[in-house]
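As structure tokens, the structure follows; a few thoughts come after it.
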Amino acid sequence: MENETVSELNQTQLQPRAVVALEYQVVTILLVLIICGLGIVGNIMVVLVVMRTKHMRTPTNCYLVSLAVADLMVLVAAGLPNITDSIYGSWVYGYVGCLCITYLQYLGINASSCSITAFTIERYIAICHPIKAQFLCTFSRAKKIIIFVWAFTSLYCMLWFFLLDLNISTYKDAIVISCGYKISRNYYSPIYLMDFGVFYVVPMILATVLYGFIARILFLNPIPSDPKENSKTWKNDSTHQNTNLNVNTSNRCFNSTVSSRKQVTKMLAVVVILFALLWMPYRTLVVVNSFLSSPFQENWFLLFCRICIYLNSAINPVIYNLMSQKFRAAFRKLCNCKQKPTEKPANYSVALNYSVIKESDHFSTELDDITVTDTYLSATKVSFDDTCLASEVSFSQS
């Protein structure tokens, strides 16, 4: 059957080659260059800021790095060959390129879906089951899960090595080489449908259910008590601080923790929603074409589907920058755009030694550093009666 199919695909065609409109080529090249270029830079920055910034190395960010690598793979393996196809009108990467590039395309697509599923489950456990999260949602476990995700998708996508071949079509005015299938559509359509179910329908249903539970906990009910909330209380080892200040600070800290978790959940939910929406045109087209005798292949609609896929892979760094204060600060620092403080440094300093425990959550990505330093310093006034070095230092609270 395979030999018959190859001979049918490679048969000489004496009709003139269909010419793609110039405006279609220009629009394709410009859009793909802009979206893929920005997406590649943005996803590289995500990987760098998490790898180089210690406080950014959290389980959730570990999954976001996996997602960024998968998106990079999609942008490079799917976006850039689209440009050469538009310029030359033929496949220019040879047989090995056909196998490897297609493999990397599907590897990136499926790994991104699995990464989204992984951080959705991690968020659900961290927020809805905080006691279990103490040993389930750890950085080391996140790395193991990511290794499993990439190993599974790498093995699964090897299926495409056995389905692809170069197809040569001879026209009156040219010979066109394309990277396509060496089996008929009746055989590879079920594979598309399986991909649609495993890497789109199931993750989206799971995300809808889990984010429903998360929303109920965060926005409708009080957040479950974290066992660390009871063990990590503010230590009052100095008589310089009164009890009311400690209580108020602890309340502010708890409220900040809840607010941070809500913001992180919103950010990740936006990532999932955009994934569902931007992949919907292509996935729908694949399902519809599986039941049509002649597949629908209108050029402009196919371009729209591709652009949606590239946008999905390029937009996540923008979401992180808009919705995460930590990512925004890390991006600024990476670009050396951090503004210098406008205040002049003090001529001399006074050490204020307070024993403060920082409230943190090792299994979640917090957007704001939770600290009470500013609260304590605002309650402690430091005045300098003279500008000379022998000036007297007085505190309003003794």
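Glycine is no exception: its Cβ is also placed from the backbone N, Cα and C atoms.
It should be emphasised that the depicted structure is a prediction, and the values quoted were computed from it without experimental measurement.
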According to Swiss-Prot, the disulfide-paired cysteine of Cys179 among Cys62, Cys98, Cys100, Cys253: Cys98
Swiss-Prot topology check: Arg52, Phe296 same side of membrane: no
Annotation match for N-linked glycosylation site in Swiss-Prot, from Asn10, Asn236: Asn10
Candidate ranges 29-51, 62-83, 194-215, 297-319 - greatest C-beta contact count to the transmembrane segment (267-288) (under 8 angstroms): 297-319
Leading contact stretch, 62-83, 100-121, 145-168, 194-215 vs the transmembrane segment (29-51) - CB distance under 8 Å: 62-83
In contact by Cβ distance (the transmembrane segment (62-83), the transmembrane segment (297-319); 3 or more pairs under 8 Å): yes
Same-chain residues near the transmembrane segment (145-168), Cβ under 8 Å, at least 6 residues beyond its ends: 6, 9-10, 62-63, 66, 91, 94-95, 98-99, 102-103, 106-107, 110-111, 114-115, 118, 175-183, 188, 191
